[in-house]
Amino acid sequence: MVGANIYNTHNIHDPNNLNNLNNINNPNNITNNMHNPHNIFQNNYFDPKQLKILVDNMTPQDLELLLTLSCKKGIIRDVEYILCRIMREMINININYGLCQAIENYHLKIVELLIDHGADINYNNGLPLNLAVKNGYYDIIELLIEKKVNTNDNIFQLLTHCCQNNLPNSLRILLKENISIDPIYSTMVNLCLDNGYAECASILINHNNSDSTINSESMIHDTNLTTSQTLLELDDLLELDDLLDGNDYFNYNQDESDVGDDAENDIENDIEDDN
């Protein structure tokens with residue numbers, strides 16, 4: 001995991017640092033107790049006074065650690081205060097670890113906050129987007145795309161992941177980039193159909209039909225490709241008709257209020273089916 005080493009308390013190694021357990025003389029002293037690194041890991045929430053003392057006296061290395069842990073736990077107040085000190089004193093730390101932890105643990109507001117404070121959405125070869133797609137967090141995917149995340153390097157891998165794991169909302173948002181899926185179209189559609197993922201298959205077919213219409217002038221010069229696509233789409237539509245069993249996924253429009261993650265929606269659908 002990226003940045004996993006920062007969770008190791010042994011990284012707090014400076015013997016002159018207040019974090020060193022040997023420097024804690026008075027157990028009743030709030031400052032010393034708070035600088036015990038074990039307290040940082042065990043406490044889920046600091047009161048405002050504790051937080052101020054802790055953050056204002058931390059070294060950059062420990063500040064980075066606390067920021068990352070706060071992002072992981074989703075404690076937005078702590079994240080805001082830490083970022084305030086970082087910006088005020090122009091402290092140079094890596095806030096991208098925190099961004100990845102916030103995405104992995106689905107803390108949308110913290111993701112927005114970190115991006116607004118300069119976190120790199122293309123960090124580590126697109127890890128933020130990869131994490132969002134892996135977990136099916138389509139509102140985070142949408143946020144990253146709105147912020148102009150780079151989707152050029154691994155878009156086909158991301159789309160394939162959506163098809164393999166039946167993530168229709170994530171797939172739909174990624175395809176809003178108006179990309180051509182010709183190189184992997186047949187593979188992805190067949191993958192969806194083989195697994196019974198009708199909605200994902202219909203999204204791909206609709207996108208490809210729309211893309212073919214937009215680029216019809218260029219496709220005239222590629223007769224073989226157009227013919228093979230047409231034959232594939234006819235077969236796909238017949239198979240989809242059996243899968244859908246009368247359900248109209250082709251005219252599906254996502255409700256603007258429908259936010260969350262694909263995995264959560266799948267669970268809700270299963271519950272409804274059981275009832």
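Every residue, even glycine, has its Cβ placed from backbone N, Cα and C.
Between the stretches 207-229, 253-275, Swiss-Prot puts its region 'Disordered' entry on 253-275. Helix, strand and coil residue tallies for the repeat 'ANK 3' (155-183), in that order: 22 helix, 0 strand, 7 coil [DSSP]. The DSSP breakdown of the repeat 'ANK 4' (184-213) into helical (H, G, I), extended (E, B) and coil residues amounts to 27 helix, 0 strand, 3 coil.
Helix first, then strand, then coil: DSSP counts for the repeat 'ANK 2' (124-153) stand at 21 helix, 0 strand, 9 coil.
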